[in-house]
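Student: Please see the structure below; I have some questions.
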Amino acid sequence: MKPTVWHHLRLCPHGHPDETIDDAAIAVDETGTIVWLGAFSALPHGYAHWQREDLHGAWVTPGLVDCHTHLVYGGTRADEFAQRLAGVSYEEIARQGGGIVSTVRATRAADETTLFVQAAARLQPLLAEGVSAIEIKSGYGLDLASERKMLRVARQLGERFPVSVYTTFLGAHALPPEYAGRADAYIDEVCERMLPTLADEGLVDAVDVFCERIGFSLAQTERVFEAATRRGLPVKLHAEQLSNAGGTALAARYRALSADHLEFLDEAGVEAMKAAGTVAVLLPGAYYFIRETQLPPIELLRKHGVPIALATDHNPGTSPLESLLLTLNMGCTLFRMTVPEVLQGVTRHAAAALGRADRHGALEIGRQADFAVWSVGSLAELAYWIGRPLCEQVVRGGATVFRRMNG
């Protein structure tokens, strides 16, 4: 790759629309590393003979980060959509053997190739919206072989597509049918066999649990956290989505990277998150799709200065969402977040939720040149338009990996 100066651009280096540089330039060396950025008029003479890329006044932001997804799974759950419209609750569907467990059956039945092809089709719309880093959870296998299969597919997506994939082991997502009535025995399997084996195989970057009355108890969640800590793996948590179970305070005790959903989070939980440096990951797609009415405590999170991230929560049952830009709009319209909040929520704060704030979510000297080029007049348009293709170009490591074709 030739050293290149990207110029005639409007730069938002940290995802905050109030911190921008008009008529900016970014100098990227042959390794794909940013070696200079700032006002084009101040470009050092040493870069005068480098190759030039004129962006014609387009906006440039860091590559976006989708920090909570369940992208790898078999089948769909379209049939449950009609049930919910008829008034059946998500919890009741789960008790009837639907919900997560129905996806477990489909995922176990699918081979790796099938799972890869299906997940790749879900990933590509996100990449076309400027996503350069994504988290992918397991949790639809619920046995060692199937969880391994999911995590292997997630790793393969990162190898085959221009995106950084971070894997999360979510073995404690639901109770598999063969362990009905034996939740503690299943947690034994998760902690003593599944997690150690998959971690030793290099398939796990973090560990998550679904802590809820239809999921796992605080005591069971803590056992998984202890097992992850022994392996030196960071933890995160699905918490307070359907009730205030106290999971967020537990997550904070283990200095979790993030606590996610949080509709029923109280002020004590918010204070614990702030003290621990835990990021609040809000998932408006799930809130919208299952027609929740309890809003997450945005004002409390603001009051205590807890960083807020947004993610698609792409999954087959509660958020079949393949657009991080639509997530921005939902964050504004449903959760009453501001444009600066939602933009930082898919850049620097989303990177922090993955424990990767040093690699993603900002454009700085010394970092890899991962950025998105936007055909908008203002950054507010990223959260304003619904369904319009706004991403003109995606650059990863200084190389263009996506360019929208016009006409």
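Yeah, the Cβs are placed from backbone N, Cα and C, and that goes for glycine too.
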Student: Looking at Swiss-Prot, Tyr140, His173, Gln241, Thr318 are annotated for 4-imidazolone-5-propanoate. Which of Arg77, Arg388, Arg396, Arg403 sits in that same site?
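Tutor: For the 4-imidazolone-5-propanoate site that includes Tyr140, His173, Gln241, Thr318, Swiss-Prot also lists Arg77.
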Student: What's the CA-CA gap between His70 (Zn(2+) binding site) and His173 (4-imidazolone-5-propanoate binding site) in angstrom, rounded?
Tutor: 11
Student: For the recorded Zn(2+) site, whose residues are His68, His70, His238, Asp313, find every other residue on that chain with a C-beta no more than 8 angstroms from the centre of their C-beta atoms, and list them by sequence position.
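Tutor: These residues sit around the Zn(2+) site: Thr69, Lys137, Asp260, His261, Leu283, Ala286, Ala311, His314, Asn315, Ser319.
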Student: Determine, using Cα-Cα distances only, which of these binding-site residues is closest to His238 (Zn(2+) binding site): Arg77, Tyr140, His173, Asn315, Thr318.
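Tutor: Smallest Cα separation from His238 (Zn(2+) binding site) among Arg77, Tyr140, His173, Asn315, Thr318: His173.
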Student: Quick one: of His68, Arg77, Tyr140, His173, Gln241, which binding-site residues lie within 10 angstroms of Gly317 (N-formimidoyl-L-glutamate binding site), measuring between C-alpha atoms? Sequence order, please.
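Tutor: If one measures from the Cα of Gly317 (N-formimidoyl-L-glutamate binding site), the binding-site residues that come within 10 Å are Arg77.
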Student: Could you state the CA-to-CA distance between Asp313 (Zn(2+) binding site) and Arg77 (4-imidazolone-5-propanoate binding site) to the nearest Å?
Tutor: 15
Student: How many Å separate the two farthest-apart Cα atoms among the N-formimidoyl-L-glutamate-binding residues Tyr140, Asn315, Gly317?
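Tutor: Between the outermost Cα atoms of Tyr140, Asn315, Gly317, the distance is 11 Å.
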